[in-house]
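According to TrEMBL, the protein carries these features:
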type	residues	note
DOMAIN	8-134	domain 'Peptidase C39'
TRANSMEM	165-187	transmembrane segment
DOMAIN	169-448	domain 'ABC transmembrane type-1'
TRANSMEM	207-229	transmembrane segment
TRANSMEM	276-299	transmembrane segment
TRANSMEM	305-323	transmembrane segment
TRANSMEM	391-413	transmembrane segment
TRANSMEM	419-441	transmembrane segment
Amino acid sequence: MSKSHNQQQDQSDCGVVCLKTILNYFDSDASLERLREYSGTSSNGTTMLGLLQCANKIGLETKGFEATIEILKETKEITILHILIENELQHYIVCFGYNNKKDAFLISNPSNAKTEYISSEELDIIWQSKALLLCKPTENLPKKKQTRKQKTAWLLHYVKEDMNLLSMALLLGVLLAILSLATAVYSQKLIDVLLPSKDSFKIYSSVALLFFLFLITAFIGYIRSLFLIRQSRDFNIRVIGYFYGNLLKLPKLFFDTRKIGDMVARMNDTSRIQRTVANIIGNIMIDILMIFVTTIAIFSYDKRLGYITLLWITIYGIIVFYFNPKIIKAQRSTMQAYAKNESNYIDTINGIETIKANNKESVFSNKTNAVYEFFQTAVYNLSKLSLNFGVVNDLISSIFIIGTITFSIYLIIEGSITAGVIIAILQLVGILMNSTSNLAMANIQIQEAKIAIDRMFEFTSLESDSKKGFNIESFQSLEIKNLSFRFAGRSQLLKNINL
């Protein structure tokens, strides 16, 4: 249940975040933007009616009730409770049920970082209205896999046009990877074969050949970089065109409830997607190939050193797996805090005339400082997490290097390998560690891109204004029958109007 929990980033989003938590619990999902639209969420929050209408529309069977703590203890379904914080601030929480052993309710509070248990007495104090929404899944509830397929299809559609450039970059990258092994092989041959032979012609010829390989490597690297920066330009132009074009087609109500800075921040996030696509094709596949090739090369020199290498790769993978969810959460919080900070700057500057007219400079200055401090705290937490990951990475890598050197020295003393082989192995280990480290860092970059896609998809997946119409050749009369209307989550304005 803790994996289903979501934390709100805006004070008005507690209701829709509760719905998102319930959807995640049932292995489903929906963007916050869509939930805001369906529930009629505004800067003042969401009504119970809005949550009820939204929940039923997205595939949940939802009904509203009034109940007591005793009835809530016996309820087996997930519920959304309307509560009061400090007897004045209206809020929503998700109740997963009652735990008899702990004599407490398991609660997902959107304002907290994780789920918690709350005693009956404590819940009874804040749940003053005794109003709740009972939520059950239906067959119409979309699964997460469907949303993932939509996002993957969208990404592939825009990457497809760059496949020629990316394929060339990949091919050139493979050549660079092969050439990078030349130094390790040359070092071993130089120490074990060429120098003992004292053949000056062969030695100097080999140095000239190595220099020629370095020149080829530099040229190939230059051509490959040209392909990648061209792909970067073309991809960013297409994605921004798609994103901004869809943004302008959204209903006017969307722009009335969204902040400009948040939209700008999401458009800027698209560059993360491009960098990740280029990195996957241009670097990640090459790094995987390098890990595979260098491991085989180390095995060819000595199987025992090869097994040590496999052990280190396994441990490193476990470390990455451990840090991965924490990094994802920290990255999402940082990107959302950045968008909120950008929005605050733009909104404050746009409203400077009103601020000065009401002599509220100090109030908005304090608010801006608080928002910026929140953003910097998110950056600090992400940086600290990255630092912890880096320290663990360096520690494990240092142990691996020392272990490899120590065991290699033992093998030389034993007579199993030569001095040239240990030099080659150390260079291969350096290449292996660099590629493995790149993959770990690439994982962080991939998570950034996934979050950027999610944030962009929240806008582009919304229904646009319908421009479809029909031509009327002749007009004689206008008649209205049984016309009813209400805004989402609000009381009915028109009911059964007949004119």
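A Cβ is built for glycine as well, from the same backbone N, Cα and C atoms used for every other residue.
Within the domain 'Peptidase C39' (8-134), the DSSP-based counts of helix, strand and coil residues read 43 helix, 41 strand, 43 coil. Segment contact is absent for the transmembrane segment (305-323) and the transmembrane segment (165-187), given fewer than three CB pairs below 8 angstroms at sequence separation of 6 or more.
Sequence-distant neighbours of the transmembrane segment (165-187) (same chain, 6+ residues past either end, Cβ-Cβ under 8 Å): 159, 206, 210, 213, 216-217, 220-221, 223-224, 227-228, 230-231, 234, 277-278, 281-283, 285-286, 289-290, 293-294, 297, 420, 423-424, 427-428, 431. Listed by sequence, the residues of this chain that lie at least six past the ends of the transmembrane segment (419-441) yet keep a Cβ under 8 A from its Cβ atoms are 180-181, 183-185, 187-193, 283-284, 286-288, 290-291, 294-295, 297-298, 301-302, 305, 309, 313, 316, 320, 389, 393, 397, 400-401, 404-405, 408-409, 411-412. Residues 155, 159, 162, 166-167, 169-170, 173-174, 176-177, 180-181, 184, 224, 228, 231-232, 235, 305-306, 309-310, 313, 425, 428-429, 431-432, 435-436, 438-439, 442, 445-446, 448-449 of the same chain sit 6 or more residues outside the transmembrane segment (276-299) yet have a Cβ under 8 Å from a Cβ within it. Residues of the same chain lying 6 or more positions beyond the ends of the transmembrane segment (391-413) and with a Cβ under 8 Å from any Cβ of it are 302, 304-305, 308-309, 312, 315-316, 319, 323, 419, 421-422, 425-426, 429, 433, 437, 440.
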